[in-house]
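I have a structure here, written as structure tokens, and I will follow up with some questions on it.
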């Protein structure tokens, strides 16, 4: 008979943040003798679950998807926007080999560097700060002919807000003494995603042929003329920017073209028009042999250089368990099942070898304030049985209540949800201790600890950017480390299990065995 395993259990209390003020705090207003006792008597610490510490922009509230990716990855997983912000701030962007090679190639051949993208501070498809950094990179590396083809936003920004952005770039080029804005066009044309090729063709001709419906001496003048025609930013018609005596910025063979959008869906069509030999969306009047760079991978089947390929997450916690022949269980209700499986595994859908999954159906109610305990009793019953079975080396469980009931904004219901969880934690703790296992209790982000918005007085239904608790229950004598974050959890579990931590995990163990 096989030896019974003593499992390492991770319980994620979704939306269970830490806030010391009792006002509007469902967690502190609930009766939680079990969690209170654990916090008082067991090794514990607070960890960050929002902002830069989980790869989001500074001070942005955490969310369940990002939280579970970080929990399972054992490293901060940056979103593209934040990844680029960090790269630019730390100046690694300016040494990106794909970008520098593309610029150097054009410069050394006396060719132009064309930069295109959505000139916007919206941060959804692109960010103008990234485009500015690209202009600086090209200038610093000695490129003389730098042409910016600006797609105008007005969807993720106010409808008429492009003027300040265009002026900023015209001032920049003036200060550099080289380069210019060569064209402007609304995203309606340049960033279609529904195969409306007649629109894309107008943007393509504007850039390749330097031909448009309109022409202006400066980008700001071109924009003002569009406003006079009653075109908002998004719908600005193809406008060539060229003052008297300026060389035309049509694209030529051997030029470099760098597309600075980081979001793929609206970047694919125009990229295919430039890159695909067998392109048939429209008959191209001019096919240019360009050195084309995508900022991120817009599609796996677009064969051209990528400055920032997708970060594949090697050796996440789940994969590392499988490589070490360990058994693991993932268990949650419907609402958070994807989070303890797909997201915790770094975006991998298929279970790893030795990974089992249990899905408990969430109750069929209109809103969860009507049943704040949700399916926690059944979930706990199955979880306790799994702990006592001796089958699993590790178990990952998510209780959705704090988040799903927190989102309703109903304080009384959120209090009931937290009280139901306390009862569950009591049973789980007893089960873990009875088999000599170890338990970590934490959260992926806050929610239930702030049920009213102090600024508006309205119900607060969103997540928070507050820290979350981390508690250790087990037989080991451990000391807690301060200053942790979600990406420290996987290394913490491995260290408590006495396992090696893979080098890809840059997080640090938060409980040190004394």
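Residue numbers in this text run from 1 along the chain shown.
Any Cβ shown, glycine's included, is placed from N, Cα and C.
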Would you identify which residue of 14, 24, 104, 488 Swiss-Prot lists as part of the Mn(2+) 2 site it also attributes to 64, 444, 445?
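My reading of Swiss-Prot gives 14 as the candidate in that site.
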Which is it, of 14, 156, 403, 444: the one of these binding-site residues whose Cβ has the most other Cβ atoms within 10 Å?
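Result for the most crowded candidate: 444.
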Can you tell me the three-state DSSP label for residue 14 (Mn(2+) 2 binding site)?
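SS state of residue 14 (Mn(2+) 2 binding site) = coil.
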Work through the binding-site residues one by one (14, 64, 407, 444, 445) and name whichever has its CA nearest to the CA of residue 266 (substrate binding site).
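For residue 266 (substrate binding site), the closest Cα among 14, 64, 407, 444, 445 is found at 64.
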